[in-house]
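Visitor: Just dropping this structure here.
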Amino acid sequence: MELPGLAFALWMFICLYAPVDGYPSGKVREACTSMIPCHGSSPQPSPEHTITVNGTEFKPGDNIEVHLFGPDFEGFFIQARDAEHLHSPALGSFMLVDRRLSQLLTCGRTKNSAVSHTSKAKKKYVKVYWIAPGDAPKRVQFLATVVKKYKTFWVKIPGPIVSQPNALSPTTPLHATSEAISASHPISYLSKPFNASGCGSMKFCIRNPSSCDPESASCFFLSFQQEKSSVFIEMSGPSEGYLAFALSHDQWMGGDDAYLCVNENHHVHVSTAHLKGRSPPVLDSENALEDVSWRLVDGVLQCSFRRSIRLPTYKGRFNLDSSYYIFLADGEASEGGRIYKHHRQPLITNGMYNVTGLPQDIGGSRSPRLIKAHGALMFVAWITTVSIGVIVARFFKPVWSHSFLFGKEMWFQVHRMLMLTTVVLTSISFVLPFIYRGGWSKQAGFHPYLGCTVMALTIFQPLMAGFRPSRHAPRRQLFNWFHWSTGTTARILAVVTMFLGMDLPALDLPDPWDTYTMIGFVAWHVGTDLLLEIHSYCLVRKVEVIEDDRVQILQSLTSAEAEGRLFKQIVLTIYVCGNAVFLIAFLAAINQI
């Protein structure tokens, strides 16, 4: 067999035995290199679909319209590659026009370097924008894989070739998206990303994550550098819509001096604005910014500009020689430049800073300290103290029945101490969001309602325990049932409430890490509980056969449980250590946001 035939046979073997049956959701990262769907059949020879673009030349940072059309098709996969080396990785990044039909994918190390379908719904036409990278080769060709039906598809349909005649100078003027701005201040294209050199020594920098490299595709960066009577400002971050920062006298939106870099029809529009409460920003008709430049490459939006330290003739502009809280936000924008509310909490500095004062290199937080404390205390209460307290009460009565602490059985004292600690931690944590919000939050979904229910059950549980009947009283069995059911309900609701709270904008732990970790904790607790239940059942069923009169005597529960003392203590020790690992993981995540 010739080599091409051998390669094709190998490909067919992989596809037929691959653990996936195709990609109806468009998540086709496995096919980034080959662009071949594993559908168990060979590609069709003659394409029925066409790729077109709106130009034949490009320069770094240019946006090229890419169209894919033809007879009804279910799936597609579009990339741009070096026309001289079509087996090379995907180049540049794409921007979407209709998110219902298409989605961005990351092939290799380049973010948003490919586009695919979102479902297998039939479609005739797809339009996207390709953004030329700064290091693009001279000639770039567009390729597409199209799936008409599961067994009918075409691979690497060749599209137009666009060429780069010469590199774009960093000072070459581009057409501005605002006539007023272009008339007064020319806009230029940034030839390379920002860097952190001089942060803390020559310029005031804010970075998220802390100390991240602004050349990284995951770094939010804001810097201020004083130059005589003006300040040069740089802002960058991963965003397809807009980036914005604001100067504020407090940690709440409203009455703030804002600056926006908005992706408007695939060119960046830089403007000033004024924030009024939680309403959309009011853009200024006059722009006080100079030396405006921008760059939009590989999903990272960057802009820079200069403004005077004092602007007495511009209403709403703050003086830059005073101290402010600094907000940094990102979000989506429409093709016309209309911005939408940010999906997550803005980055906010932990204190007020003067950007023209002593240069610093700081971070910030996307979660207020009170909300962080709220989450941390709830995790301590419901991952640590409650869980251990329940295990002790359920399985350690016989083990510690003859050990006393302050005049009471040890198991009871440990259980009571842990549960009272839970009540105290939950009560303190419960009031913190109300202090932060100044009242009830209408934007937190079911989380506050479930939280109030958990708080009520948490208070009711110890009150009910205060009226506990004596051990042999007729109503003791009824009390035990109510005590168990109330506690179990509170624990289940608390876990559900924490699941909902982890993804709220004010906390927003890393996703999907937070969900998987919480599922891991629940599985860890349920697994430990089942292990101890099975162990207790085996001890109760253990029988000592006494030959005298052929009588089998069932061991007493107390003595049987006492035999398992060592095993239970080992399990409890491992369980406590495991809970500590989960707790530390959650607290570390809270500290990082």
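Indices start at 1 and increase along the chain as displayed.
Each residue, glycine too, has its Cβ placed from N, Cα and C.
Positions annotated as domain 'DOMON' by TrEMBL: 216-331. Summarising the annotation, TrEMBL assigns domain 'Cytochrome b561' to 336-535. The signal peptide annotation in TrEMBL covers 1-22. Here TrEMBL flags 376-396, 417-436, 448-467, 479-501, 570-590 as transmembrane segment.
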Visitor: Same chain, outside the transmembrane segment (570-590) by at least 6, Cβ under 8 Å from its Cβ: which residues?
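Guide: Distant contacts of the transmembrane segment (570-590): 367, 372, 375-376, 379-380, 383-384, 387-388, 391-392, 396, 507, 509-510, 513-514, 517, 520-521, 524, 528, 531-532, 535.
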Visitor: Considering only Cβ pairs under 8 Å, which range in 376-396, 417-436, 448-467 makes the most contacts with the transmembrane segment (479-501)?
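Guide: Most contacts with the transmembrane segment (479-501): 448-467.
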Visitor: By Cβ distance under 8 Å, which residues at least 6 away from the ends of the transmembrane segment (417-436) in the same chain are close to it?
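Guide: For the transmembrane segment (417-436), the list is 368, 370-371, 373-374, 377-378, 380-382, 385-386, 388-389, 392, 448, 451, 454-455, 458-459, 461-462, 506.
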Visitor: Within the same chain, where does the transmembrane segment (448-467) have neighbours whose Cβ lies under 8 angstroms from its own Cβ atoms, ignoring anything closer than 6 residues to its ends? I mean 6 or more beyond.
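Guide: Here the qualifying positions are 419-420, 422-423, 426-427, 430, 433, 440-441, 479, 482-483, 486-487, 489-490, 493-494, 496-497, 500-501.
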Visitor: Going by DSSP, how much of the domain 'DOMON' (216-331) is helix, how much is strand and how much is coil, in residues?
Guide: 0 helix, 69 strand, 47 coil
